[in-house]
Amino acid sequence: MEGSVLTLVLLAALVVCGSWGLNEEERLIRHLFEEKAYNKELRPAAHKESVEISLALTLSNLISLKEVEETLTTNVWIEQGWTDSRLQWDAEDFGNISVLRLPADMVWLPEIVLENNNDGSFQISYSCNVLIYPSGSVYWLPPAIFRSSCPISVTYFPFDWQNCSLKFSSLKYTTKEITLSLKQAEEDGRSYPVEWIIIDPEGFTENGEWEIVHRPARVNVDPSVPLDSPNRQDVTFYLIIRRKPLFYVINILVPCVLISFMINLVFYLPADCGEKTSMAISVLLAQSVFLLLISKRLPATSMAIPLIGKFLLFGMVLVTMVVVICVIVLNIHFRTPSTHVLSEPVKKLFLETLPEILHMSRPAEDGPSPGTLIRRSSSLGYISKAEEYFSLKSRSDLMFEKQSERHGLARRLTTARRPPAGSEQAQQELFSELKPAVDGANFIVNHMKDQNNYNEEKDCWNRVARTVDRLCLFVVTPIMVVGTAWIFLQGAYNQPPPQPFPGDPFSYLEKDKRFI
C-alpha cells in the first residue's frame, strides 16, 4: 500500500515539474513576443547600425553536375547566425532556459538567398526551427537542395575540371543594413574564420563522377557598387571539382580510338575484293554516331570544341581522305592499256624506287626455265621430222593410207612422184603448202605476244595500285598515332590549379587556419 502511494506521489511530482517547465517556456515566449511587442518585420538594430550575418556551408552530397543544363545540384546545410537584441532574457528569471526553439517564421530573418540558382527558387524550401540563446544570438541551420548555375568549360572533356560556385546574398537589405561575413570558430581560445566549405566525413556521400579539389569560401565586396545596393556584397562558396574520366575512357574514348585505327586496315584489303570503300565509309558512319552521342552529353556552346570532339573531327577528316584514296587506288587498279598508258617515269617510281623504299616484295623476272628449253628443243625435232615425212608422202596417201589397207589393197611399193628436192618447182610447191601454216603460226604468236604485253601492262597498273596502298598506309598510320597522342596529351596536362585563387598562396583548408 505504501509503495503505491509513493508511486503516485512521484508521478504527481513529475507532472508538476513538467507543467512548471512548460509554463516557464510559455512565459518566456509571451515575454519576448507580447510584452516586448516583438515585430519580425523590423531589423534587430538601430537605424544607422548594421546587423552582422555570419554564414557557413556544410556539404552533405554533391548530387550531380548536368553539363547540358549547366546546373550543379548539391545537398547542403546553410548555417546562419546573427544577434537580435530584442530576443535577450535572463535565464534565471525563466527557469534557467538556455535555448529557445521557435519556428523560423516567428522571428526576423536576413532573407539570404542563392543568387545563381538555376530553378527559379531563390529561398530555402524547408524552414526548420531557429535556436535562440539568452544573449540574443540566433542560430539557424536549414537544409536545402540547391540547383545552382555552373558555367561549363568543355575544352578538355572528358579530362576537364570545373569551377562552380554558390553565391549567397540578401536581395532585401543593403550593405548599410546588414553585413555579411564568414562564420567565426574557436580553437584553443583563438578565433578564426571558416574560409572553406565544411564537409562532415561521416555524413558526406562521395560523387562517382566528380572529385572535389578545392572548396574555398570568400566574402566579396565590390567597391564600385553603391552602398545602398544589395549587389555590393555577397558570400561565395566555391567548388573546384575534377572529373573522374574512367567511365568515359572505357565507354567512349577506347571504342572511338579502336574504330578510328581500323581505317588502316583498308590499305590491307585487296582492290579486287570490292570492300575497300565500304569499310572506310562504315568507319566514317561509326565516328558520326559517336560524335552525335557526345553532342547530346555536352551543352550547345560555340565557345570551345571538346577534346574528344577534336579527335573525332580529326578522325573523320582522315577517314574522308582515305575514302578519296580508295577511289583513286581502285581507279588505278582497274586501268588497262587500252584506256591508259603507263609512262616510264611512273613505272620507275612506283615499280622500282618506292617498292624498294617500302620493302615491298617484287615479282621475279620472267625467264625461260631449263625444262622449257628442253621442251622447246624436243618440239623442234618433232617439227623437222614431220616436215620430212610430209615431203615424202602424197596428199592421197596421207588422207587414205589406212583406208586402203582396210580394203585389202597392197601398200604402195613406190614412193610418190615428186620433183627433185633441189628443183625450183619443188620449193614453190613446198612454200605454197607451208605458207598458210606459217601465217597461222605467226598470227598465233603475235596474238600471244600482244596478249602477254597487255596482261603485263595491266599487272603493272595493279602493282602501282598496291604501291599507292602501301605508301598511304605508311603515311596515314603515323599521322593517326601522332594526332591521337597530341590531342589526348592536352587533356593529361590539364590539371586544376594548386591553389584556389591565382596569386593567393592561401590553401583555404582546415589545416591552414588564419587565426584572428
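Sequential numbering from 1, following the chain as shown.
The backbone N, Cα and C atoms fix where each Cβ goes, and this holds for glycine too.
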Member of Cys128, Cys164 annotated by Swiss-Prot as disulfide partner of Cys150: Cys164
Intrachain residues whose Cβ lies under 8 Å of the transmembrane segment (279-296), provided they are six or more past its termini: 68, 252, 255-256, 259-260, 262-263, 265-266, 269, 306, 308-309, 312-313, 315-316, 319-320, 322-323, 326
Residues of the parent chain within Cβ reach of the transmembrane segment (311-332), under 8 Å, 6 or more residues beyond its termini: 256-257, 260, 263, 266, 271, 276-277, 280-281, 283-284, 287-288, 290-291, 294, 305, 461, 464-465, 468-469, 472, 476, 479-480, 483-484, 487-488
Reduced DSSP assignment, Asn96 (N-linked glycosylation site): coil
Model confidence over the topological domain 'Extracellular' (22-244), averaged pLDDT: 90
Rounded to the nearest Å - Cα separation of Asn96 (N-linked glycosylation site) and Cys164 (disulfide bond): 46
Glycosylation sites: Asn96, Asn163 - member with fewest neighbouring CB atoms within 10 Å: Asn96
